[in-house]
Amino acid sequence: MLTAVLAVAESAGLFRAVGGAAIGITCIYFLFRAASLTVRSSSITNLYQIALIWIPGVLAICLALTGLYLVTSTEPMTLAYLLGVILFGCELVMLTIAAADLEGVVNAPITPVETA
Amino acid sequence: MDFPVFHLDFLGNRYLIAGIAILHVLINHGLAVGMMPLIAAMEWYGHKKQDPRWDKLAYKILFVCFLITTTVGALTGVGIWFSVSLVNPYSIASLIRVFFWAWFTEWLVFVTEVCLILAYTLTWKKWTAQGPESKKRHIRLGFALAFASWVTMAIIVAILGFMMDPGNWLTVNSFWTGVMNPLYIPQLAFRTPLAATMAGIIAMFLILFFTKKQDQFRNDALRAVGLWTLAFAPFVLVAGWWYYTSVPDAMKDNLGVSLGTLEFVDWQTKFLQIAVITVVTILLVVQFAISRPKLLPKVALVVPFVAILWMTGHFERVREFIRKPYVIGQYMYANGLRVEDYALLQRDGVLTYATYSNPLTEAEKAELPNGLSEPERTARLEAIQKGKDVFMNTCTRCHTGHGVNSITGHLQRMFGDQPWTPELTAGYIESMHYAQPYMPPFPGNKAELQLLGTYLQHLQQNKAPIPGAQSVGVIVSGAAAARSPEMTNQTEAAVQ
């Protein structure tokens, strides 16, 4: 919804400010959860499990920033702009999901992240 | 011009090679180079966790790869060299002279790879049943197979890079200068993670067929293989950029044409946009597979599966095209003639050095202008015959007469229905290299240019297919060929 409103507004400055803030908040939330989980379970996790904690969120941050860059650096309603909007919206959701998934694990008793 | 000209007038020679080569690359990268380390890693992980589900899944995926790589993969691998030897024996001969030992080594590694995949697949169940020590040995066998697969690619990529840009080899003709050409390492750095990413996407697609929807293991497997894919994806982008920036600027100028056809030069921008959208789509699906594997439908994985095949196919097409007008950068033109021979050929004419003539069929002799006397008809046919020989020796490596990428199609687009007089077409062909740098300069002399023009004029009326030597044979040029081994042999011998 936020992405749709920002896209319709067609203001690069507004998108940069609000979109950037949204990524920033979600990003901090994810990084805090991921770091917390990594530290809490450092003795019982392996490299694969650490990758499973970090890679989805880090990739989502990178792609969301790419989407934001596309939106703010191109003319409204061009293909690159629309691609940026979709990328920004989807990756913000993916980042939130990645962080929310970690929250459940962080609040649970210390057990290894079950992967396989 | 020492070999009879193999020619496919409908499909075109280059599509024969492209079809076989692209199919081979898809199989080689997706199911061998990238997939073998993934399968070995899955087997290792299953053994480490003592989880037989990983072992079963890895074996099922391996069996699919085994079937395809040892049949279609092996046939297309050999098929590439057969087809290029037929279509452009001069380029392959030059490459063999430079890379003989590389090819010999590759052949040894390839045979090793075939033996390893046979052993790896056929001993899987037996060695697994024999206990942990045998299983560890089997896992090592898997990683050895993965290494052998990568080495075959690493050797061939040296040759592919050399064909694009031989670098210092042009002045220092040594083997290692040829191997360490400017595009070798960037291209290898790009293809290695590309193969791993392709394998990841193909494996995710196969996992949906080899596991049940309600099974928790499907989620675990999708997550793990999704991570494998995402781990290599950034390297594809970084190495891809390195590779792209290493390509000489003259080749980048060909990019627009290489992505589509001459009629779609402006398609470059659209293609790049489609490529970006495709990459983003792949990333989104893989991300989703990691985050919510339970909600992922089979059809969603068809998208990245088809997309990565499409992208790789296009990458190969672009790589093949942008090195034009050369088949071996700055050494040999796409028509199979060496750059250093051009001065001689343009002075004496290509027909002087052509060992074989390509006889006209009865169908090709039709559609001559009405009202010609018998001597005029004979003289006309003789000019058409010589023009056809020029065409076959200098144009048919890339162009057909009336089929795909046909020369008549290009002339029709440029000159329409007006008569294609020799003056008109010869004037264009003489300077086409400067107007379209991806076209080699015309290698013959002025007289041959006019003969080619006469032949093209004939093709405007005559739509008969132009057969290659494999269909109608050749005529040995005899004394007319300066390099004919039997200068005293004046008889024309039809060879078929």
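Any Cβ shown, glycine's included, is placed from N, Cα and C.
Remember, predicted model here, so these are calculated numbers, not experimental data.
Going by TrEMBL, these are the annotated features:
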- B:15-40: transmembrane segment (TRANSMEM)
- B:61-86: transmembrane segment (TRANSMEM)
- B:98-120: transmembrane segment (TRANSMEM)
- B:141-164: transmembrane segment (TRANSMEM)
- B:184-210: transmembrane segment (TRANSMEM)
- B:222-244: transmembrane segment (TRANSMEM)
- B:271-290: transmembrane segment (TRANSMEM)
- B:295-313: transmembrane segment (TRANSMEM)
- B:382-460: domain 'Cytochrome c' (DOMAIN)
_Stretch with greatest number of CB pairs under 8 Å, the transmembrane segment (B:61-86) reference, B:15-40, B:141-164, B:184-210, B:222-244, B:271-290 candidates_ = B:15-40
*Could you tell me the mean pLDDT over the domain 'Cytochrome c' (B:382-460), as a whole number?*
94
*Run the contact check on the transmembrane segment (B:141-164) against the transmembrane segment (B:15-40): 3 or more C-beta pairs under 8 Å, excluding pairs closer than 6 in sequence.*
yes
_In contact by Cβ distance (the transmembrane segment (B:98-120), the transmembrane segment (B:295-313); 3 or more pairs under 8 Å)_ = no
*Please work out which recorded stretch in B:15-40, B:98-120, B:222-244, B:271-290 has the most C-beta pairs separated by under 8 angstroms from the transmembrane segment (B:184-210)?*
B:222-244
*In the same chain, which residue numbers or ranges, 6 or more beyond the ends of the transmembrane segment (B:271-290), come under 8 angstroms Cβ to Cβ?*
200-201, 204, 222-223, 226-227, 229-230, 233, 259-260, 296, 300-301, 303-304, 307-308, 310-311, 314
_Can you break down the domain 'Cytochrome c' (B:382-460) into helix, strand and coil residue counts using DSSP?_
51 helix, 2 strand, 26 coil
*asked:* Let me spell it out: take the transmembrane segment (B:15-40), skip the flanking residues so only those 6+ beyond its ends count, and list any with a Cβ under 8 Å from a Cβ in it.
replied: 8, 58, 61-62, 64-65, 68-69, 72-73, 76-77, 79-80, 83-84, 87, 113, 117, 139, 142-143, 145-146, 149-150, 152-153, 191-192, 194-200, 202-203, 225, 228, 308-309, 312-313, 316-317, 320, 404-405
*Same-chain residues at least 6 beyond the ends of the transmembrane segment (B:98-120) whose Cβ lies under 8 Å from its Cβ atoms*: 32, 36, 62, 66, 69-70, 74, 77, 138, 141-142, 144-145, 148-149, 151-152, 155-156, 158-159, 162, 169, 173, 175, 178-179
